[in-house]
Amino acid sequence: MSIINISHAEITTFILVGIPGLEYAHIWISIPICSMYLIALLGNCTILFIIKTEPSLHEPMYYFLSMLSLSDIGLSFSSLPTMLNIFLFKASEISANACFAQQFFIHGFTALESSVLLIMSFNRFLAIHNPLRYSSILTTLRVAQIGIVCFFKSFLLVLPFPFTLRMLTYCKKRQLSHSYCLHEDIMKPACSDNQIDVIYGFFGALCVMVDFMFIAMSYILILKTLLGTASRQEQLKALNTCVSHICAVIIFYLPIINLAIVHRFVQHVSPLFNVCMANVLLLVPPLMNPIVYCVKTRQI
């Protein structure tokens, strides 16, 4: 693979940042970060183990929860190497090829998690709107097919990212804004025309937001179904089954929306806010999803 050229000089690395202004405390900051990674991995692996070993949980709802846990594990492992290098070993450099690969997996698993959350909202709507046909519609085979389609759709969506980034020429600045590599962050220092990256990056973000819009639509249909047919007690019981998913949607989409707005529309923003919001994006959903589902799902 070729090397990035900067004014005829060969540059093979980007520089990532930790917490701006708190570089002296990185070793202490690494303790909560490592703890969050450990709890996230332990929690999601526990959910996968419980669902696999407990026959009563072999239902579509828990299969989709397994997919969510797998995407959380992938998201954690995608960012773990650079985060630990920066905060534990003070090694902020990353090779260009490794950076391109990391952003591919981060965006791929982010898109996968968005798709899984959409499927889970459809699953809730189907269970509430048409409970008698629920089992016949969502068979084990169909759930597996949906999972495979989501996986390929998510990673094919971000597949062009590494190739379009490699076509850019980077001038002078090679320091990035976060503790890991993101597509919109890598394309900013380029001095060559990055219009293709801007357009396709916007298209990728739009696809994620379309998932969010369909999730919102599914809950509007759920409310319409409940208000039209169910008693107040049945309404509360049905909505209670959706609480875990609603929490997961808020935890996942809120940092993404904030980060997208900052990157595309805010010119001057504190680097500390930028880094903290980006870290929340990758650390909090994998950490909180197992906790939320274990607390709210009685069977687990």
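Glycine too: its Cβ is placed from the backbone N, Cα and C atoms.
Feature annotations, reproduced from TrEMBL:
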DOMAIN    43-293  domain 'G-protein coupled receptors family 1 profile'
TRANSMEM  27-50  transmembrane segment
TRANSMEM  62-84  transmembrane segment
TRANSMEM  104-122  transmembrane segment
TRANSMEM  143-163  transmembrane segment
TRANSMEM  198-222  transmembrane segment
TRANSMEM  243-266  transmembrane segment
TRANSMEM  272-295  transmembrane segment
Two-stretch contact, the transmembrane segment (143-163) and the transmembrane segment (272-295), at least three Cβ pairs under 8 Å: no
Taken over the domain 'G-protein coupled receptors family 1 profile' (43-293), the model's mean pLDDT: 86
Stretch in 27-50, 104-122, 198-222 most in contact with the transmembrane segment (272-295), if contact is a CB pair under 8 A: 27-50
Residue numbers, six or more beyond the limits of the transmembrane segment (104-122), whose CB comes under 8 Å of its CB atoms: 61, 64-65, 67-68, 71-72, 74-75, 78-79, 146, 150-151, 153-155, 157-159, 161-162, 180-183, 204, 207-208, 211-212, 214-215, 218-219, 245, 248-249, 252-253, 256, 282, 285
